Amino acid sequence: MTKGLNRRQLVQRAVGASAGVLAARGVTEAAVVAAPRAARQFEGTRITVVGREVTIPTLLELSQDWMRETGITVEPVVVSGDLGRKILQSAVTGAHLADVHLHDANIGADLYARGYYLEVPEAVKDAVAWDDIFPFQRDRLSTWQGTTFGIPYDGDNMFNTYRRDLMLDPANQEEFSAAYGYALDPETGPKTWREHDQYAEFFTGRPWAANGETGYGFASMFKRGGGLFWAYVSRAAAYAKHPSVPDFFFALDSGEPLINTEPFVRALTEWKAAMQAYAPPGAINTQWPENVDQLLAGRVAMTNYWADVGKDAQNPENSTVKGRLGFHFTPGSTEVYNQRDRAWETLPEVSYAPFLGFGGRNFAVSRTTPQAEACWEFVRHACTPEMTLQVSLTPGSGMDPVRQSQLSVDAWVNSPFQMERDEAERYLGAIEANLQSPNLVPDLRLPGWAQYQDALETAVSLALSGGSEPQPALDQAALQWRTVTDQLGGAEKQMGYYRDLLGV
Amino acid sequence: MSSQQRLATWTPPRAAGRREAVRRRRGQSYVRALLLLPAFLSLAFVTVYPLGFTVYASLTDWNLFNYGAPIAFVGLANWANLWRDPNFLIAFKNTAVFALVAAPLTYIVGLTVAVALDGATVGKRFFRVLFWLPLMLSSVLVTLIVGRMMFDPFVGPITAVFAALGLPQVLWLADPRTALATIILLQVWWGTAYTIMLLLAALESLPPELNEAARVDGAGEWRAFWQITFPLLLPVSAAIFLIQVVDAWKVFDIINVLTGGGPGTATQSISLLVYQQGVQGGNISYASAMAWALTVVIALVAGVLYQFSRRWAQ
């Protein structure tokens, strides 16, 4: 990333990087320019928008011309603390927080089920090149019971980021082959969790770290309330998500929680052993920022994380690993549990189950707005492929690709990130492979998801800390999940929502 | 009117004055009541009503995320569930340990430092500011900057000292055996500033003649402190201790930022659990029951301490 530039300059660079890319990728001119509108049609209209702290100012900076053109003034609503909770609270109380929201997709159920947002008009979908958005985000994460309420803006998905340079090192190659009987693969990194733990074992305790200190195998989010749910589920998915069985968190027919079944117990048992042996000391308190820092500081060889890590690594002021990274699916498994048959199956090839942890963010228009027309005008401007790309190319925006048109290598190479071409190819290739996977695992976007999340996090953390064995800990979590399901209207109601999310 | 009738309606002048005074007093009390009404109404609105509402909520199955479902009255089911909920019982145990250790330790350390500062002849002002510094820091700053940095397993100064002394690395916040103790230590460091400030003010307001007289009678420093100074500090000590204990039972922010209740449930507190269930999870009814259970415990503890403090003060 370029040193010494302010946000305005970074945004300008992002604009430059995205110019011309979209047309080359087949996005229609009409979509980019958005729907025709009468000049100054909304003269004097003020609307408010709430969203992530860097994203909205970036977006508004990019929208100055548009504001002059339409006469709409867009004002950001600054929310301190947890934005998701604030939006949820406003939905629960029916309060008006802002006219337009950029909300977390995983609380979408709690928002959409209440009818807190307006349905996205077909004309807006057309204007924002709806088909350019990746299918799962477009058809599932932005809808509720068949109605579209959100426009995907951020495509959170998790994959393995690893130190490719270490795996290319001939001495490491030779030693690893001799020890484990197969070669380190710099192009994919570890393909299975078994390989992952062997890679981790190999790179733990060797003096390869950035400052000549001992390196560790991997970092992960082990802390309760610090991303543990997503880190654990993305690991368990390899065993628990069979390519031909949609059931994952619950048995779809009965609503019975599956989180205490064999694949989840196996994943937890292995994860705990790997944490104790190959993660840095004190790993149980590692949450999302430290997790990234460990990789950027050159202390760990791998981390399974969101796409943000690839962007964060490009800033030489904070990162020692720019140009040294490889990206590939979260490790998979050839042994996968079939939840319908209650049996393990050995598959001919490695099965990957990419987890859409957190689910990204969607734009939506609040039902409480008195200015719906102006809001849709803003959304159709903000969500064009061009704007979405520019925002995602601005450092700190936190928006990951959610559209096919955002995967232009040229754009990323010429962006403020100044990604090296081959690293950009690997990075965008991993994102595309993830988001196009037929075996995607969506996050638990159900009403009351935070209660499910907390129960599972508590159980997993208890097992990781040695306070309980994995099986009884997960049994306890499953018991709590049943209670939560009962409190929220019962299995039939919740499974109806779960089936809707999965599209089955 | 006959003289008899006149006699019947006649009232002595003193009785008439009394009635007038009663009327006037009544009028004054109406005015007082009227003046107090806004304060009473606002108190009722911001305190009594929410408290009453949470009592009601604790007797229902109200969950914010159960859309469209009517709220049902479930009696004491939520209260009964508390004692069967392993998470609540662990949180209760952790909170009790935290309060029972942190509050007395904070007082003892605070008293020691205050007495030392009171008797200091050099650098008193400098050390006073130094010891009060934590008081000016927000809890999040204390936990994030001081807590995390001090106990960081890689760069923390405590880790460095242990390494220099050849002691084994301790994963302060990552080990379930040491996590709660580490948080107590941090709370003591932070809470001590407040104790020092109040005790130092109390010490400086004591009449010096009493100590001087004791010295003249041959009492040493130690005896003069225990028999003169400490008893005189007891009323303010009781108030400080009561505040520390009540605060300790409500511990939330330090734990939320440092460990999130983990590792496992090693540092789970009741307030954190209430937050997780009610604010994050939307389970208002159960969180209300938990919050009220905590309030009852605090009220009992405060009541007992108040009785003791009255005896001490006497």
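A Cβ is built for glycine as well, from the same backbone N, Cα and C atoms used for every other residue.
Positions annotated as domain 'ABC transmembrane type-1' by TrEMBL: B:92-307.
Sequence-distant contacts of the transmembrane segment (B:33-52) (same chain, at least 6 residues past either end, Cβ-Cβ under 8 Å): none. The transmembrane segment annotation in TrEMBL covers B:33-52 (among others).
The annotation transmembrane segment is assigned in TrEMBL to B:95-117 (among others).
TrEMBL lists B:129-147 (among others) with the feature transmembrane segment. Sequence-remote contacts of a segment are chain residues at least 6 beyond its ends whose Cβ falls under 8 Å from one of its Cβ atoms, and for the transmembrane segment (B:129-147) they are 113, 117, 173, 183, 186, 189-190, 192-194, 196-197, 253-254, 257-258.
Residues 147, 182-183, 258-259, 263 of the same chain, all 6+ positions outside the transmembrane segment (B:154-174), place their C-beta atoms under 8 angstroms from a C-beta of that stretch. If you look up TrEMBL, you'll see B:154-174 (among others) marked as transmembrane segment.
Residues annotated as transmembrane segment in TrEMBL: B:180-203 (among others).
Sequence annotations record features per position, and here TrEMBL assigns transmembrane segment to B:224-246 (among others). Sequence-distant contacts of the transmembrane segment (B:224-246) (same chain, at least 6 residues past either end, Cβ-Cβ under 8 Å): 99, 102-104, 106-107, 110-111, 115, 191, 194-195, 198-199, 202-203, 206, 210-211, 214-215, 298, 301-302, 305-306, 308-310, 312-313.
Positions annotated as transmembrane segment by TrEMBL: B:289-308 (among others).
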